[in-house]
Each structure stands twice: as C-alpha cells, then as structure tokens.
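Per TrEMBL, these features apply:
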- 67-156: domain 'Anaphase-promoting complex subunit 4-like WD40' (DOMAIN)
- 271-465: domain 'Anaphase-promoting complex subunit 4 long' (DOMAIN)
- 205-226: transmembrane segment (TRANSMEM)
Amino acid sequence: KKRSRRAVCKQPGVCNGTSIRGYNPPSVVPVHLSATMSSFKYSAAGHQKTQMKQTGNRNVGYRVDVLKWSDKMDLLAIGNDRGEVILHRLKWQKVWQLAPPEEGLLVRGIAWRPLEKVMAVAYSNGTVLLVNIENKEEIYSFSVRADISCMNWTENTREVTENNCSGDAINNHTTFLPPLPNLNSLSSTAKSSDYNSLKFYSKQILNLLIIGSVNGHINLSVFGMLSCCEIDLFQRLNIRPDGACIRDAKMSSNFKQLFVTIEREGLLEVFIFENDILQKYSTSLLNLAIKHAHILGTMAYINDTIECIIEAWETVLLEMDNKLTKYAHGQPQGSIAADFLELLMFGCTSPALEQFLLRDLTEKGLKKLGNSIELSYSTIQKLVVKPLHTAICSVFYHLNTLQGMISNVYYYKPLLGDVTNEALVNCGAFLIKAYELQQTIDTSTRDFKIFFRWLYIVIFRLMDESLPEDNPSVTQQEINYLAEFLDNFDAANGPELPADETITEEKKRKFNLERVGQYLEDKPLTYPPMADNANQWAKLLEQNACLKSCPLIFPHHDGSSLVQQHNQLKQSIERIFEKPVAVIGADFQQRSVLSIRCPTSEPFQRAVSHIPTNEGKQSLFALLESESSLVIAQCNSASLIRALRVRFDEKPYFDSRLTDVGEL
C-alpha cells in the first residue's frame, strides 16, 4: 500500500526547525513523518496480541517528584515532595523508605548503577548518596555544592579483563595486610562491621556517575566515589546561566563522547564533547579508583576509631566533673594545686579540701572514680594499640602502592601527580603521633593510679582509721611522679594565655588532670611531651641536619595533636586525586551541536533518552521537545549527527490534498 512522507530537507544544515552544526547531511534526509499506521484497521488479530493493558493503579498520599524503575530487579524507586525515597516492588510491596539527610531537601534524581545493587540519590542542596539497595545503608556521600538538575550512570557493561598495567598491586593487599579489628566491642555506639567499599562493586566494570548542576557544571566520578572530571559548561560555551538549564548528560560506552542537553531561550541543544584521556586510560582510571576505594574505607575506619577514643575520653571527663566540679568552682585560681601539694608535703589540709575528701568524694566514691577512669583509659589504650596502628599501617601500604603506580609512567603518569610522597610523610608522622599518644596514656594511667591510691590513704588518715593490711604504700619514686602530677592541677601553671583570653569554667572544670584529651582536639598541644634526653635517635637527628631533613625519615611534630595529624593526612590524600579532575576536564572539547527550536511557551518537561550502540561507535537519542513532537538523532564516532523529527498529529493524519489516496 502507498505511504505518504512529508517534506525532505532541501537546505543543507537546516532541517524544519532543526539546525545541525558540525555535520554535512546527505542530499535527502527525512525530517518529518506524519503518517501513522493504524494497525487495527487491517489487522484486528494482531492488535489483540500486541495491545497494552493497564495491570494496576495506585493512589499515593504525596506528590511524586522522581520515578525510576530498575528493569533488572523489577524495583520502583519514588522520590516524593517530602524528600523521601521509597522503594517498592512492582506488586507495590514496600521494601524500605529513606528519609532525607536534612529537613526540607527535595529529591532531584535517582539512578540505578548497572549490574550492581547500588542506587545514587541526588538532593536539592547538592548532596549525593550512594545507597545499598538491600538495606538502604549509606555507602558513600559527597556534595557538588549546587542544586542538581540531572544524574545518570554510564551504561557500560563490558568487564575489564586482567591486565598487566599494575601487576598484582591492586588487589593483593589481603595477602599482606591483617583485617581491621572490629570496633563494636570497644565502642558504646554501633559501628560498621565492614569498611570495604568495593564489596558493592563486584565486577571489574568502569562506571561513571554523571551529575549536572544548575550552575552549569558537569561532574564525573568513578563508582560515584572518585571524582575524575569537572567541567564548567556555561563558562566554556559562553552561555548566560539565567534561563539556561542542563536537562540531561550522557556518555558513550567507550567514554570518548559526552552528550549534554541544555535548554535555554526557546532552544533545546545537544552538545557533543570528545576526549582522548578518559578513553585511553580507562583501565588505569579503574585501577586508580579501586585503590582510592581501599584508602577511603580505611580512612573511614580511622575516623570511627578516633570517635571511639573521644567517647572514652569524654567518659573520663564526665566522671571527674561529677566529683570535682563543685570543689573547683568554690576555689580561687591557683589554690587547688597549692592545697594538694601542701597536703602531700606537710600533711595539712584546708577546711574546703577536707570537706571535699570526707563528704563529697568519700572512700567508696574514690574507688568508683578510680575504677571508672582506669577502665576508660584502658579502652583508649586498646583502641590506639591495635585498631589505630593497624589502620595507619594499611593506609601507608596503599599509599606506597600508589607511589609504585606513579613509577609506571606509561599507564599512570597523566592521572597521578607527584604529591604521593607528601602523603607518605604525613602518614608516617601520624603513626609517630599515635605512638606518642600511647606513651601519654601509659603515663596518665600510672599517675592516676598513684593519685587515687594516695587519696585513699589520706581519707583514712583524716577519718582516724587504720589502713587495711593489704593496702600498698607509696614509694619515693611514686611521690616524685605525684608531685609533678599535682603541680599541673591549675591552668595558672600551664602555658601563658593571651591577654584577651581568660580561664573559662570549662578549663577550670577539667582540673588539667589529664594529658590525653589535648591529642583529641583540632589545635596544638597545650602540654607537649617533655624531651627525652636519653633518646639516642633524637640526639643523632639534632646533630645531623642533613639526616633530619632526609625525605626517607618521617618527622615528629611535637606540638601537633593527633587530630591535626589526621587532618593533614586527609588533605594530602585528597591532593593525590585532584590531578585527574583537572587533566580530564581540560581534555574535553566540543565537536558538534544539535540545536532544536522549541517555540512553545507553555511549561513542558522535556525528556531525553540515550541508547549506546556498537560498543560506543554510534549513539541514538530521542528528545521529546513538545507534547506532539519527538526528535530522533544519531551520532557516530566522528561526532557527526543525523536527525529527524516525528510529529504526532490528530486525525485526519494527512492533508486534504491526500484524501484521494484512501485509508491505509
């Protein structure tokens, strides 16, 4: 039967409202198809076989902002107007419901990672969460610092085969490194039992998470964890951000082409960018992302370990505050250490101190306080000796592996800078600071035991009672330790404060009894450890400046706290992975653009679909530009575009001049 086809393109480069730059079309390009075949006119039986039927209808008590279906798992993810993400099965069985990270946020996008049980959720403040589909556990989170307009995963499903670009250095850490100890037995709060971020990425497939922001930025990240590219499109294309919006961003399966759809001023434009680095070094980038995930998981473990140490330290402060705050508030500055030293040297007590020892503290209270503080310090020591040391050594191993990867110039030189050595030095200094903290804990535990044993003897003497026979006496060496310990009770005996800073009640409340807490604050040490004159290694470094400045010898920063060293290590690790962002972002260059005029002024949510074909050699697009118009475009490996527009018209399908053709 005869078919009717509308006009063909006669002017090269301009096709019925669709302008194409960067492409020389053939002499005849179909641009408008208005014929619609009515299958039920001539094939009623075929219509019965292929018709679509509605199988269900559900009413929900909220506005649906985002709706995404996973065809692999038959799951439906819904983002509502309350910022919640609700996961349903197709039979409407609710799997779980995820609340927004902050009140008032809205869901901007949901993306299913191909072949994995991971979902990415984007929010209106720029936060992106990677969520485990099975239990809604947060795997990783980051922020692009702007409202998000689109988010997609690349659709590459080709698994990378074994390669020789890194040997066995990527995944052989399990052979040499011990497993990280479980923190739940040493913490009052529940901690993760598995810090391996790659357990959610079981296949050797390079997938990128593509995020478009309202400020015109495109962010690419491997696994959604390692940022590898950031492009300011509006600045590069000289587009005013007023009235412009990134509608969609896709990438070819071979990572060579980036397709960005921008809507602005009555135009719907598809910009095609090409790069060579991402395509050429895709395997190297995958290995780098795997190593980054190992470091990221271990650093998260260190964060949790330090949190556990701070919890135990706060328990020490709470116990001391409960017993000592009342006495401290009633004493003038500088008198606390004087009263205790007078009691130690002459056996004389002031009325306030005697009342505190006999009525407020008491014998039973002293025993309870001593046991509680000793238990807390023991917990801190266990956390430092095993979990913290093990994790720092693991980070050092992974950083050392990165240093070896840099030596492989052919595969990794464009992606890695020369800042790995800085991270290794900071990691070594962090380990030295952990050893220093361990020594401080030993000293504090010793001093507290002597202090409480001496107070126990003093309380018995003040009550005129005889000591138990099994009570150990205080030796002369312990008295020396005790005198030094008591001398540091008051803030007045500590470092001089600036003229505009006064001793607050908090500082007074702490009594300056302990030295561990200063390591857990993000500021220099208030009481640095005393120099060990008997340390032969320290003497050797002081006498040999060339040896002290050798990059192979890790420095010891006496005045820095543990938290400061930890922050320095995190910053140096972040600098390692900054180079791919700059290098890959600068390599993207615009090749072609497809501009579609959209004259309609009515608000319409335009949608874009992308299908990669032939292993990235060709890509197909379907752009819904209006309620009755669809543009289909094909882009080949040379970034040349073919396009046609399909218009959906109401009956009659043809112009009156074609009525003599008859019904189809």
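Each Cβ is built from the backbone N, Cα and C atoms, and glycine gets one as well.
Sequence-distant contacts of the transmembrane segment (205-226) (same chain, at least 6 residues past either end, Cβ-Cβ under 8 Å): 111, 113-116, 118, 120, 122, 126, 128, 130, 140, 142, 144, 146-154, 156-160, 197, 232-235, 239, 241, 244-251, 255, 258, 260, 282-283, 285-286, 288-289, 292-293, 296, 577, 580, 584. In the predicted model, the domain 'Anaphase-promoting complex subunit 4 long' (271-465) has a mean pLDDT of 89. Within the domain 'Anaphase-promoting complex subunit 4-like WD40' (67-156), the DSSP-based counts of helix, strand and coil residues read 0 helix, 50 strand, 40 coil.
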